[in-house]
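Quick look at what TrEMBL annotates:
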DOMAIN    22-122  domain 'Ras-associating'
DOMAIN    158-295  domain 'Myosin motor'
BINDING   G251, E252, S253, G254, S255, G256, K257, T258  ATP binding site
Amino acid sequence: MSARDGVGGMGTLGRRPRFENSEFTVRIYPGSLAEGTIYCPISARKTTTAAEAIERVIERLQLDRTRCYVLAEVKEFGGEEWILNPSDCPVQRMMLWPRVALEHRPLSGGEDYRFLLRQKNLDGSIHYGGSLQMWLQVTEERRRMVERGLLPQPEGQGDHADLCCLPELNERSLLDNLRSRFRQEKIYTYVGSILIVINPFKFLPIYNPKYVKMYDNHTLGDLEPHIYAVADVAYHAMLQKERNQCIVISGESGSGKTQSTNFLIHHLTALSQKGFASGVEQIILGAGPVLEVAT
């Protein structure tokens, strides 16, 4: 669970806004109801009900509206599931979880706090659809195979990784597509060879060595949009064409230009050094603030 920056934080002069107006990210696991989706992040407030949360998941994942869904809270794999009433508030339930669970870190003793989306049968019983642990394992393996190009990319769930692929291109469809991707923690979107970045104002675990290796020597558009992909294309174009390459980063103040530059340099130095320790990256990063002041 994470509060949105500027919404749940401290206001000016130490004034704190009403907690009821703070927004949090709630991860809901749809299981086999949405194949290929591990979890669906939605925005919710303290007063957001389970019924409203379910409606947002249905809309985002484009689930079958003729079926009835319920939200369940689980505290361990294979453990008892507590079905929330439509008027229950998921965020209030999350406030009772351990801190490590709110940070999505594994707990000892097999505990694993999360919300599940379940289908309700006509007789009122809950359709569980197999083991949650087995489903998570299979889904994660499928996702890795898609990223490696061993399986085709799944059909889009209402959003497009490249705005040039929008069936109808106008201001509203463009903004709706960016908003939909951002709510799924997809902050990168292509416009052809141009990369649009929306600052999440929080760290996302998409910049580790696994991603550096994943985007190494891939054509732009083969994988999910990422700043590593832009750096990789420029690097290999430089090697193949033996010509200097230029990456232009622009945006308003606070949009994340400096951090994007750091990610670019990190990937470029990782490609050039191929994993060997070097002080080149730190020297370049250290010169960044001086160059920014000079401009």
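From the backbone N, Cα and C atoms, a Cβ is placed for every residue, glycine too.
A map of TrEMBL features onto the structure.
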residue: G251; record: ATP binding site; Cβ neighbours (10 Å): 12
residue: E252; record: ATP binding site; Cβ neighbours (10 Å): 8
residue: S253; record: ATP binding site; Cβ neighbours (10 Å): 5
residue: G254; record: ATP binding site; Cβ neighbours (10 Å): 9
residue: S255; record: ATP binding site; Cβ neighbours (10 Å): 14
residue: G256; record: ATP binding site; Cβ neighbours (10 Å): 19
residue: K257; record: ATP binding site; Cβ neighbours (10 Å): 16
residue: T258; record: ATP binding site; Cβ neighbours (10 Å): 13
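Applying DSSP to the domain 'Myosin motor' (158-295) sorts its residues as follows: 69 helix, 9 strand, 60 coil. Cβ proximity to the ATP site centre (mean Cβ of G251, E252, S253, G254, S255, G256, K257, T258, cutoff 8 Å) flags the following additional same-chain residues: N199. Secondary structure of the domain 'Ras-associating' (22-122) per DSSP (helix as H, G, I; strand as E, B; remaining residues coil): 27 helix, 33 strand, 41 coil.
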